[in-house]
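Residues annotated as transmembrane segment in TrEMBL: 12-35, 41-64, 85-105, 117-140, 152-171, 191-209, 221-242, 248-274, 295-312, 318-340, 349-369, 375-396.
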Amino acid sequence: MSSTVKNNLSMLNFTTLWFGASISVAEIITGGMLAPLGFKMGLIAILLGHLVGTTILVLGGIIGTEERIPALASTRISFGEYGSYIFSILNVLQLLGWTSVMIVVGARSVNQITNTLWGFDHLTVWSLIIGGLIMLWLWLGKDSGWKKANHFAVILLFILTLVLSVIIFRNHELFTNQGVGEMSFGSAMELAVIMPLSWLPLIADYTRFARTKRDGAVGSWLGYFIGSSWMYIIGLGAAIVANDSDPAAMLLAANLGIVALGIIVLATVTTTFLDAYSAGVSCLNIFPKLNEKTLALVMTAIGTVLAIVINIEQYEHFLYAIGSVFAPLFSILLTDYFLLKNKRIQSDLLVNWGTLALCALGTMLYYQFIKLDFFLGATVPVMIIISLVHIITWRLTSKCKFVRN
């Protein structure tokens, strides 16, 4: 996997990859949650949160480039082989959650369009249709042209964001109106940090093929920071101006309903395909003899069922759950790798109970900071605290290991 033939992805490759990954309806809707702060403070929270979150994301990617290993394999440095299995399961659950969220978000947008245009109001039907199309995409496989279709969808969605930007920023009320509801600056910043954090279990899967460390790091940072921040800002502006961050509402107002219908369906299918496929691949870390396509199809079926019963109003809690696990996890891994210079995977290490206990402590601390409503959110203080504790106690926790005889 580390041959020079394969390690040839350039900075431009990573910029376009992560810019494309960040363009999604889900990020627009998340940005809309920040509307109660108003545009100025919401913008500051978005940029500051993405500055922190994307930098943490890229640090995880650097490990993949230097060691030429995928993201979940890198967790074996700090947690051991069985420890990595635990995080594989958590990553599968995260990706399964994203699959269901993307399906329900896409279905709601499409249903709004069809209800307005033709009076067809069937959210469950659209969830099943989108889920079925994702399964068809998976069944066709990666050698049947889905890559080209995915690139085409990203281009269409990019054009869509340009249209949305024009619609939003030509409205002068954007800078004077205040969004509906309440939200603190710390909560807003946390919602901006969490989105890039959710990609931490995946980024090294790509950066391990970077031509150089600089190509992988700078390209990934620029692509994701610019793309995701832009999506959040569009959502923020839409929620302030129209009290609705769903792009379908704005496109209907601009008489682009049918065009929007096609773009949203295609973008939802091709983006969610990646979540479902990655969930199947992550399962292979635990069950290597199973078929990844079959696993991905099963994950899509489960995600579709969840999409039908999911309460989208609980989306914020789903994001917090991601942060509560991956913030302390990668705080320990990044501290091990960059500060303690522990870069080697011990083949006989099965579980490091000390680091797992510290990770559990970090999860509890995360929710305490959410309750405290700390002005910097929860991720930043938790990662700093867990890192400091790990530096102080690593000699002790390194003795709490279960090794292969």
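One is the number of the first residue shown, and numbering goes on along the chain from there.
A Cβ is built for glycine as well, from the same backbone N, Cα and C atoms used for every other residue.
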Feature contact check the transmembrane segment (318-340) with the transmembrane segment (221-242), CB under 8 Å, 3 or more pairs: no
For the transmembrane segment (85-105), distant same-chain residues with Cβ under 8 A (at least six beyond the ends): 24-26, 29, 72, 75, 79, 127, 130-131, 134, 198, 201, 268, 271-272, 275-276, 278-279, 282-283, 285-286, 299-300, 302-304, 306-308, 310, 312, 315, 318, 321-322, 325, 329, 356
Leading stretch by Cβ pairs under 8 Å, where the reference is the transmembrane segment (12-35) and the options are 41-64, 295-312, 318-340, 349-369: 41-64
In contact by Cβ distance (the transmembrane segment (349-369), the transmembrane segment (41-64); 3 or more pairs under 8 Å): no
Most Cβ pairs under 8 Å with the transmembrane segment (117-140), selected from 152-171, 191-209, 248-274, 295-312, 375-396: 295-312
Top partner of the transmembrane segment (191-209) among 152-171, 248-274, 318-340, 375-396 - counted as Cβ pairs under 8 Å: 318-340
For the transmembrane segment (318-340), distant same-chain residues with Cβ under 8 A (at least six beyond the ends): 30, 56, 59-60, 63, 74-75, 77-79, 87, 90, 94, 97, 101, 190-191, 193-195, 197-198, 200-201, 355, 358-359, 361-363, 365-367, 370, 378-379, 382-384, 386-387, 390-391, 394
